[in-house]
Amino acid sequence: MAMAEKTSDAAPQAQAVGMPALHKVIFGVLLAGLIVLPFFVYPVFAMKVMCFALFAAAFNLLLGFGGLLSFGHAAYFGGASYISAHAAKVWGLTPELSVLCGAAAAGVLGLVIGSLAIRRQGIYFAMVTLAFAQMVYFVALQAEFTGGEDGIQSVPRGDLFGLIPLADNMALYFFVLAVTFGGILLLYRIVHSPFGQVLKAIRENEPRAISLGYDVNRYKLIVFTLSAVMSGVAGATKAQVFQLASLTDVHWSMSGEVVLMTLLGGMGTVFGPLVGAGIIVTMQNYLATFGAWVTVIQGVIFVVGVLMFREGIIGVLARWFKRSL
Amino acid sequence: MEIALQATGLTKEFKGFVAVNNVDLSIEKGTIHALIGPNGAGKTTCFNLLTKFLQPTRGTIKYEGRDITRMKPAEIARLGMVRSFQISAIFPDLTVLQNVRVALQRGRGESYDFWRSDKILSRFDDRARAFIDEVGLTEFTDERAAALPYGRKRALEIATTLALSPDMLLLDEPMAGMGREDVERISKLIQKIAENRTVLMVEHNLSVVADLSDRITVLARGEILAEGTYDEISKAPEVIEAYIGASHD
């Protein structure tokens, strides 16, 4: 939204309260599209896209609205996937409780790491988050319950609320749709709340926000934790989908990937991270036959993206249409 | 005489360099007090000490009789002592209305409620508009703050500050980099807002504060050189000397 506001002429409708009609329409179309999607594409692929869309949106909350670049978000995404896999497999919890466990663990991790990281700014902030994420990776590699190189495999899908079996991809799909879409709407609300308003003020001018009497570190810590929780929801849900928690999800390259998705789609926009996640996951999926070249192709797209449209795809569209997207 | 802000023996050292040395300062309630001095006199350091953006090496600061030496900047803001910045301190990507509203939002305490819609903030709109009118920015209400001309940004900053209804304002070079027209407009604005408040302003330029301030303190090399009304200050030989060689812009 920051990008969009920067470029729109701040027409009076920018003052309209609540969700603008345009956003309502886009969310509506998106939901309708997602409901019919599994009848046309492989549901597991669609679920993967949704999980990453939520992950990128959660990351965007921190980067685009909090102005904080974390380079360790894999810790929350992957950490939660391990906890949720463990909860489902070893503790035998239902899927929704497993996801909640993962999210709670990510929240605690975010609270601890965040409280240390927010004491530093800019590149040092990024380095601190990266360092902690590497520690989480090391734990995932060495600890007993994580299964080391193997990860946690063949996680049972269980019954939703102990009633509805999710073994079927279609049933699982609608569970994942509800979780991710709900998560994205919650993130939208956070951005458009009294809290979100102060957050934007801090991003825009931190010393000024302090001089107005705001305890900015508290806001930063809250947004960091919220972002970690929602990243955790994404990672925990992904573990349920693939019945697997693996080192890939806690690896630093995962932290990089979410940065890429967010920047490609448009940081600080509402719909950018969703588009970015869609593009990256689709590419990885359909270009998988190229093997290691996927990374090279991704790199090229990123370079072209940064050179041609620095505001990201949705950021550019928002500028063209003079609308906040 | 009632004192709003009082500093005693204020000292700030940076690795062997003394930026502010043993400064005693009393600001009377309801007056406009100016802190002036040539470049490098320690005005900004002194200002940052008083507003708690820097921690003094030695000395105490009292606001309305209360020791604020160890307080955090956000805390003193909540006590009613609000500062401005040398560079215009606005939120560039927010509209003029939103800028002022962020300050009014302080009225509800901290805004940690991330689950609530920002619709509830619209109840501050009318008061925000009143402050915007007061500084003459009515036509820019829905404009992005970054799009305002420089002088208008300062006016917006003052409107935002006023929205906190502070008892004391600390202005860091409010007229820096302004054209003559803007200087006059902001001077009038400062006079208007000082009617029922205490104002401490840091300025580089003696002539700007001449008509505006009740009392002037001149700093040079981190120490107080002179203090008094404009007439007393402008005749003091040590002040004239300090300004010779220093820039006259």
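Just so you know, glycine gets a Cβ as well, placed from its N, Cα and C.
The annotation transmembrane segment is assigned in TrEMBL to A:25-45 (among others).
Residues 1-2, 106, 109-110, 113, 117-118, 122, 125-127, 129-134, 136-137, 179-180, 183-184, 187, 190-191, 196, 199-200, 202-203, 219-220, 223-224, 226-235, 237-238, 249-256, 258-259, 261-262, 265, 267-269, 272-274, 276-278, 280-281 of the same chain sit 6 or more residues outside the transmembrane segment (A:52-77) yet have a Cβ under 8 Å from a Cβ within it. The transmembrane segment annotation in TrEMBL covers A:52-77 (among others).
Only residues 6 or more beyond the boundaries of the transmembrane segment (A:97-116), in the same chain, are considered here, and those with a CB under 8 A from a CB of the stretch are 72, 75-77, 79-85, 87-88, 128-129, 132, 136, 158, 179, 220-221, 224-225, 227-233, 235-237, 239-240. As annotated by TrEMBL, transmembrane segment applies to A:97-116 (among others).
Taken from TrEMBL, the feature transmembrane segment applies to A:123-140 (among others).
The transmembrane segment annotation in TrEMBL covers A:170-191 (among others). The list of residues near the transmembrane segment (A:170-191) in space but at least 6 beyond its ends in sequence, with Cβ under 8 angstroms from a Cβ of it, reads 1, 19, 23, 27, 30-31, 34-35, 38, 43, 46-47, 50-51, 53-54, 57-58, 60-61, 65, 95-96, 99, 157, 160, 164, 199, 223, 226, 230, 233-234, 237, 240-241, 270, 274.
The transmembrane segment annotation in TrEMBL covers A:258-280 (among others).
As annotated by TrEMBL, transmembrane segment applies to A:286-309 (among others).
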Non-local residues, at least 6 beyond the ends, that sit with Cβ under 8 Å of the transmembrane segment (A:123-140): 68-75, 78-79, 82, 109, 113, 116-117, 146, 247, 250-252, 255
